[in-house]
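The next block holds one structure in the form of structure tokens; read it before the comments.
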Amino acid sequence: MNNKYLLTTALAYTNGPLHLGHARSTYIPADIIKRYLKLKGNDVIHVGGTDNHGVPITLTAEKEGVKPEDIVNKYHNEIKRDLDNLSVEFDSYGKTHSDTHIQNAQEFYKKLKENGYIYEKEIEQFYCPDCDKFLADRYVEGSCPFCEGEARGDHCEVCGRHLEPTELVNPYCVICNATPQLKKTTHYFFKLSALSDNLDNYVKNSNMPDHIKNMAYSWIRELHDWDISRGIKWGVPIPDDENQVMYVWLEAPIGYISFTKMMGDIWKEYWLKNNDNNTENQNTKIWHFIGKDITVHHAVFWPGMLLGHGEYNLPNSIFSGGYLTLEGKKMSTSKKWVVWVDDFIKYFDSDYLRYFLMANAPLNRDCDFSFDEFQKRINTELIAIIANFTHRALVFSHRKFGALPVIDKPEEELNKEDLALLDKCSETIEKYNKNMMDCNLKDALVDIIHLAKEGNNYFQKMEPWTVDDENRLKQIMFVCGVITKHIAYLLYPFMPNKTNELLDLMNEEMDLEIRGNELKKPIVVFSKIENDTIKMVKEKLLKSENSKNTKNKKKNTKKNKNGEKMELIGIDDFAKIELKVAQILEAEEVPKSKKLLKLIVDIGDEKRQVVAGIKGHYTPEELIGKKIVLVCNLKPAKLCGVESQGMVLAAGDEEVALLSPEKDLPVGSTIC
């Protein structure tokens, strides 16, 4: 029996349109998986929408002199336009600022309270005497206590640290610039700590990827109750308290349920537990697609809410997309170093973007968008390999037969080489299916490319243009037709528009069967991206940041992520660093440390003890045998009383990944 799948995408925040990073991490992957699951005959719905509440909306509205609703409606429409242009399809798409959602969120809150998970607590919060109101974190700005840069009450853009408003130096109210005062007030809290054992069991039995499980475990070990109310007017009102609204991270995920309810009673089949024994519905799979910056919210807080409510199915898996940089630099909307979806699709087919963003790197890893790399990958992979084969096969079949030839009994009529290639098609389907179910989208595309390469090699070897035997020619082009049909079928979830054009030329349906229908005259479906186009688009879309870079070209200093000036070094200084491939032999936790693991590593000629701040991202057990990159000539240092004889290289902020050699190099290999 086929499963029911409910796919959700993180609710886009209505303070701006979509950029390429949003498309890559969340929306395109979800649409690809939805199309794939439907191809396999599953019952699938895709639910999404926009997140409309919170302080950033009110701040923007106040600055522009409009109502919050005006900001919400403007960007809700722009975001939906962008998603439509990316061919991202939804079965239900809503807004959190709607009667349906507000009512549903309040009912959810009441159920949590009824079950004993909501309580009141007195806290201290900044209060502006001039504005006569308590200030939510975004209404307070000041200097960062760590880097002295300008910072908001929740975050420093300069050094990237998470902040509490009370940590700011010289804080001020962003509305009137007055100095706020700390004043006692009452907030509502969700008793998340009471659910730690339930959450631990949930994560253990879920199908989440290991890196997400590890992150969830690190939070569950030290769970605190959660402040879920804010003293502002814009949001979902707390029932029976007109002075406070729900914190957006309490009410926004409930939108997944609200927007499914918009489809009618069918929502119950996806969300509600079995009526007879109140157990999870095993035939329903809920998969969340999100950006990695909100992984903890979906892996810990949201399941905690569902557990506290008690009547809903829990998510089966979470797929978190990594960050996307632009031309090697972090995207920044404030610095205008960003490419908006709406601008991009004015110049390039959205299917090309879908292909590139998924082919560029595994979904959970950070990657870079470079216009030159975009052009190169499209031209050398999609055009030179995939399109080259399919176009040649269709042109030749059209000229010789007017259709894709059909052979009724391939196992009797084809030779061993032909049959081996048909077996290759079956093997490709098998590998592709596994990669798609695991959301390994890059690997799934590699499967397609390998099949197209096999087709090109076969076509060249058979040289059908030299074959006089019509029966043999029919056999050759039948094999080419089977491969072409497989490529179109497998590529469809990634490039729905282009593959539909291809199938239209073939006069075929979206499956793996060849019917021998009359071919339309082949035309070029996949067009090469020219150098002049890339040059023109880069000048238009990267202009503001390039101008800024030109002004700063002569500077020989940069800033690190803490905002501190960083002197550039020469190659001689860099050459002093000794980097080697090491292998982890033993790993254990450092007592009384929240972040440190003690490792024993082999660097070829000796074993070293190293301390690394990767606890919570890796368990000791999964590190054994892993090859890493080690700085070997660093002076020994003590961390939490444990000596470290080197430094393990890793990357990432919220989600940390160890650096390892791309190929399986021998232990002790020098990295240069």
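Cβ atoms here come from the backbone N, Cα and C positions, even for glycine.
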Can you dig out which of the ranges 100-104, 110-114, 330-334 Swiss-Prot describes as motif ''KMSKS' region'?
330-334
Please identify the range among 12-22, 430-440, 529-539 that Swiss-Prot labels motif ''HIGH' region'.
12-22
Neighbour-count leader, CB within 10 A, binding-site residues: CYS159, THR333:
CYS159
Could you round the CA separation between CYS147 (Zn(2+) binding site) and THR333 (ATP binding site) to a whole angstrom and send it over?
21
Tertiary contacts of the motif ''HIGH' region' (12-22), as residues 6+ beyond its ends and Cβ separation under 8 Å:
48-52, 54, 56-57, 60, 71-72, 74-76, 78-79, 81-83, 291, 323-324, 326, 331, 333, 338-342, 344, 353, 357, 369
Other than its own, how many Cβ atoms are within 10 Å of the Cβ belonging to CYS144 (Zn(2+) binding site)?
23
Could you tally the C-beta atoms, other than its own, that fall within 10 angstroms of the C-beta of CYS147 (Zn(2+) binding site)?
19
Rounded to the nearest angstrom, how far is the Cα of THR333 (ATP binding site) from the Cα of CYS159 (Zn(2+) binding site)?
16
Non-local Cβ contacts of CYS156 (Zn(2+) binding site) (under 8 Å, 6 or more apart, same chain)?
CYS144, PHE146, CYS147, GLY149, LEU163
